[in-house]
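Peer 1: Pulled from Swiss-Prot, these are the listed features:
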BINDING   D409, D420, E532  Mn(2+) 2 binding site
BINDING   D420, E518, E532  Mn(2+) 1 binding site
Amino acid sequence: MEKVDTSGRLSKLRELMRAHSIDVYVVPSEDSHSSEYIAACDARREFISGFSGSAGCAVITLDKAALATDGRYFNQASKQLDHNWLLLKQGLQDVPTWQDWSAEQSAGGKIVAVDPELIAAAAAKKLAAKIHKFGGSELVALERNLVDVVWGKDRPDRPRNPVVILDTAFSGKNVETKLRDLRQELVKKDSLGMVVSMLDEVAWLLNLRGSDIPYNPVFFSYAVITLDTATLFVDDTKLHPDSLEYLRKNGIVTKPYSCIFDDVKALTSSKGVQGREKRTLLSSKASWALKRALGGDDLVEEVRSFIGDAKAVKNEAELAGMRACHIRDGIALIEYFAWLEDQLVAKRIVLDEVEAADKLEELRQKQENYVGLSFDTISSTGANAAVIHYKPERGSCPAIDPEAIYLCDSGAQYLDGTTDVTRTVHFGCPTAAEKLAYTLVLKGNIALDSAIFPKGTTGFALDCLARQHLWREGLDYRHGTGHGVGSYLNVHEGPIGIGTRVQFAEVSLASGNVVSIEPGFYEDGAFGIRIENLAIVREVQTQHSFGDKPYLGFEHVTMAPYCKNLIDISILTTAEKEWLNAHNTDIFNKTKDAFKDDALTLAWLTRETQPI
């Protein structure tokens, strides 16, 4: 990972800050739609800081610069940030949040500015209150993005890729039904309508997909839904005649993407039940710019999105697709690991991290309904595996060492579902420490996968099940244990998750959710271990039903064996061995027929799924 010299960029930015009488400038990671993963044209924080991770916030003053990020990226950020930057390791004791650091730098009535399109309205409100309380300072919405000015002509163009229709056979619910369900919620809230700004929510609601953001099948758009109208704000160059006709048949009007702010201003308040003013609903993740355009607190009600909640609970067609695509994805993974071992060990061929990742992509491309990858493949050998979101660079990454840990975190987009899986393997003789760490992580994975819990339980409450065996050894990991996953949509999907963050205590898991289970352990400079499966949350039968509550459990859908070479069988319980054997039998039975004419892969699969 090479450092970028940001001195010139920061100097130009500070000149602009002085010209606008700004003392502190905040550069978030997100785009205008609060997207975690963004198009190249929206990578402003990366451009100004040199840090390429998916999460973080840059704060620049007239003489300092700080980059805040979470535990997934401490290692990466320390390697990528140059001498101009202070790294704020969020979540560590005595390290201020970027909001607190901004407030400290603004003390004394200074001006803090941010592009209002790039920060959620709720986040802007909290930041404004914090800096005002700290030193009487003011948060200013600066609509001219100063990083864009510094970037200039080198800034990439905004993608204008075509929009495609997702067949109801895959979505499981037509647009008419989804709009009806949303309008029922609008009636319950006695609201004028809802502005939909999250890209995956627009795509899900209208059964459309795109490719404007790498690995995420979404397209730049907004939607405004009222009780009797539906408007899609999108560049018309994206819409082919079939898409236009599809939208027309479903009563959806199209307008240019750039018209959203002017149009929402026309959504005026009217009297509702009991004579109160009707408000327009806005997701709690929507931008400050949208809220300002709608008229502020008096005319807007921020809510947890009904669409996000509905999207997270997959219907039976989506769940069937998830099961099916994971079997096909598992076939590609099994073929990959068998091939990789043969290349590295039997044939002693030298392969680097990118060459291996390319082979895995090639194998996935052969599978039915394949569209593309769901994120950059993390193909990492040895110490690189300790970089949680490592990205190998073509032409400069190391060769895979068969005598070291190899971690591969990968996934794909299929028309019938989205996959995300991590397997950690060792083709040689692992150390006792590596085997212990791997087995502790495996035990945590099994513990969470086996959990049964009452309806209403949150991912926050379940998180410790995955960490318990590491904790007993004084070990842990600095990332969440699980995230929601879309159905041929974003690989990271809210509002659910499993982890220690506050938001995971706010939304309980529900039958139909798809979530990852991915404990890990990372020894900086040495090795990293992560084991990740996707699982469907399902109602389970229990002998009793205390409080008349249904009970839930997990149905794992990932079909890839664990690394037997890294398992210390002596510390597995009988129940854990039984779970592992049942899991391996399931994998073998669902994938073996694909290898009838592939003796090498079938032999590898048979060996790796033998009972222990």
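Think of each number as a place in line: the chain as shown, counted from 1.
Every residue gets a Cβ built from N, Cα and C, even glycine.
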Peer 1: Under DSSP, is D409 (Mn(2+) 2 binding site) part of a helix or a strand, or is it coil?
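Peer 2: SS state of D409 (Mn(2+) 2 binding site) = strand.
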Peer 1: Could you measure between D420 (Mn(2+) 2 binding site) and E518 (Mn(2+) 1 binding site) for me? Cα positions, answer in whole angstrom.
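Peer 2: Checking the Cα atoms of D420 (Mn(2+) 2 binding site) and E518 (Mn(2+) 1 binding site) gives a distance of 10 Å.
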Peer 1: How would DSSP class E532 (Mn(2+) 2 binding site) in three states?
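Peer 2: Note: E532 (Mn(2+) 2 binding site) is in a strand by DSSP.
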Peer 1: Where E532 (Mn(2+) 2 binding site) and E518 (Mn(2+) 1 binding site) are concerned, what is their Cα separation in Å, rounded?
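Peer 2: Cα to Cα, E532 (Mn(2+) 2 binding site) and E518 (Mn(2+) 1 binding site) are separated by 4 Å.
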Peer 1: Between E518 (Mn(2+) 1 binding site) and D409 (Mn(2+) 2 binding site), what C-alpha distance do you get in Å?
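Peer 2: About 10 Å separate the Cα atoms of these two residues.
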Peer 1: For D409 (Mn(2+) 2 binding site), what residues in its own chain, 6 or more apart in sequence, show a Cβ-Cβ distance under 8 Å?
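Peer 2: When sequence neighbours closer than 6 are ignored, D409 (Mn(2+) 2 binding site) has T377, I378, D420, V421, T422, R530, E532 within Cβ distance under 8 Å.
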Peer 1: Which chain neighbours of the Mn(2+) 2 site, leaving out D409, D420, E532, have a Cβ atom within 8 Å of the mean position of the site's Cβ atoms?
Peer 2: I378, S410, G411, V421, T422, S516, E518, R530
Peer 1: Using an 8 Å cut-off from the Cβ centroid of D420, E518, E532, can you name the remaining same-chain residues around the Mn(2+) 1 site, in sequence order?
Peer 2: D409, G411, V421, T422, G482, S516, I517, R530, N533, L534
Peer 1: With H, G and I counted as helix, E and B as strand and the rest as coil, say where DSSP puts E518 (Mn(2+) 1 binding site).
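Peer 2: The residue in question, E518 (Mn(2+) 1 binding site), is coil (DSSP, three-state).
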Peer 1: For each of D420, E518, E532, count the other CB atoms within 10 A of its CB; which of these binding-site residues has the top count?
Peer 2: E518
